[in-house]
Amino acid sequence: MQTYLVGGAVRDYLLGLPVKDRDWVVVGADAQTMLAQGFQPVGKDFPVFLHPETHEEYALARTERKTAKGYVGFSFHADKDVTLEQDLMRRDLTINAMAQDADGKIIDPFGGQRDLAAGILRHVSPAFAEDPVRILRTARFAARYKFEIAEETIKLMRQMVENGEADALVAERVWQEFAKGLMEKNPRKMIEVLRECGALKVLLPEVNALFGVPQRADYHPEIDSGIHTLMTLQRAADMGLSLPERYAALLHDLGKAKTPSDILPRHHGHDLAGVEPVRKVNQRLRAPKHCAELAELVCRWHIIFHQVGQLKSQTILNVLKKTDAFRRPERFQTALNVCIADTQGRLNREHTPYPQRAHWLALLEAANQADSGKIAAECRSQGKAHLIAEQIDRARLAQIAPLQKAFRAAQDKTEKH
């Protein structure tokens, strides 16, 4: 019985990165051997055990065989006769198919170290094509390390998409990998890889449809709506924004793919037009509620947020109410964060100031100065309960108006200079 450190732990060690999780493979043992040594069985689908002291996962070396379409159609063989190389061969990428023995020696039968040094993601064997989740995983690793994908691997990924393997992916697995990819350092790279292999058209056709749609060059020097979306997503990542914010950044401009061709490159009404596509994506991916809600909110309101300097006080109050800013100020703030990424996610506009965010938050704070409880009590005491909402609005407007007037005056002064 021999144990080896495998997979991501070896990869990250060789990259000089912190090793977070350690997985082990056991060669020359069976389930009875593991149980006799005090290991606890935990694997439902595979023979995986917890170490009695460290509680790290130890899996018996195994081989796998495809039995049906999709990512669940596998049978496996785990026994004493399965070698380390056979176990490593079933893994997805060469950089994940290395092991380290007890003496620290690296076992690398498929050239993982070479590909790490070259910054290449390469599949281990044709068995890569048996699991469509690997398309997403490969795109995610590209986003993490900014590695390029080997020509033969991207070709295989294209074939998998053409053969309908991506259609077999269930929403939960797609979201699981997709969410991880969005939180990587270079999420733009994940979307680019998915587009290159054709999977984006299957998994997120609404995003794929943005590529090739022109925008006004004076507002968007990058021209292409798809490129702007990638830049906005990457800006959100560079800002260190959360998963819901990055997800909203990706979907904020879906309405641009709906713009009638006769008005291009203008996109009047794309904020409203994008709401339905955002809802479709949310439903297809079964996105968590907090992600889905923010994505829809940003899509619907980002243009209004940008144009705050042009709004009347009454319109501002209406926006604060319709976006539920009074009850959910944190969500309102995250939506404004995405608007910064949108503004700066343009060619050579990466450092454009966005005073609108601070102004919206100041407007909300000012409106909250109106004492709703006191107003409600006074109305009730005067037998005018039906006027409560109207009086609260009036008090909020009184707080908003001078702030908005000052902001517009400052804007006018800036424009003149």
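One-based numbering along the chain as shown.
Any Cβ shown, glycine's included, is placed from N, Cα and C.
As recorded in Swiss-Prot, the features of this protein are as follows:
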{"type": "BINDING", "residues": "GLY8, ARG11, ARG91, ARG137, ARG140", "note": "CTP binding site"}
{"type": "BINDING", "residues": "GLY8, ARG11, ARG91, ARG137, ARG140", "note": "ATP binding site"}
{"type": "BINDING", "residues": "ASP21, ASP23", "note": "Mg(2+) binding site"}
{"type": "DOMAIN", "residues": "225-326", "note": "domain 'HD'"}
Sequence-distant neighbours of ASP21 (Mg(2+) binding site) in its chain (C-beta under 8 A, six or more apart): GLY8, ALA9
Remaining residues near the recorded CTP site, that is with C-beta within 8 Å of the centroid of the site residues GLY8, ARG11, ARG91, ARG137, ARG140: GLY7, ASP92, LEU93, ILE95, ASN96, PHE141
Rounded Cα separation (Å) that holds between ARG140 (CTP binding site) and ASP23 (Mg(2+) binding site): 20
All-chain count of other Cβ atoms within 10 Å of ARG11 (CTP binding site): 22
DSSP-derived structure type at ARG91 (CTP binding site), helix or strand or else coil: coil
Taken over the domain 'HD' (225-326), the model's mean pLDDT: 97
Extent of the ATP binding site in Å [max Cα distance among GLY8, ARG11, ARG91, ARG137, ARG140]: 16
Which of ARG91, ARG137, ARG140, the listed binding-site residues, has fewest other Cβ atoms within 10 Å: ARG137
Counts by DSSP class (helix H/G/I, strand E/B, coil) across the domain 'HD' (225-326): 77 helix, 0 strand, 25 coil
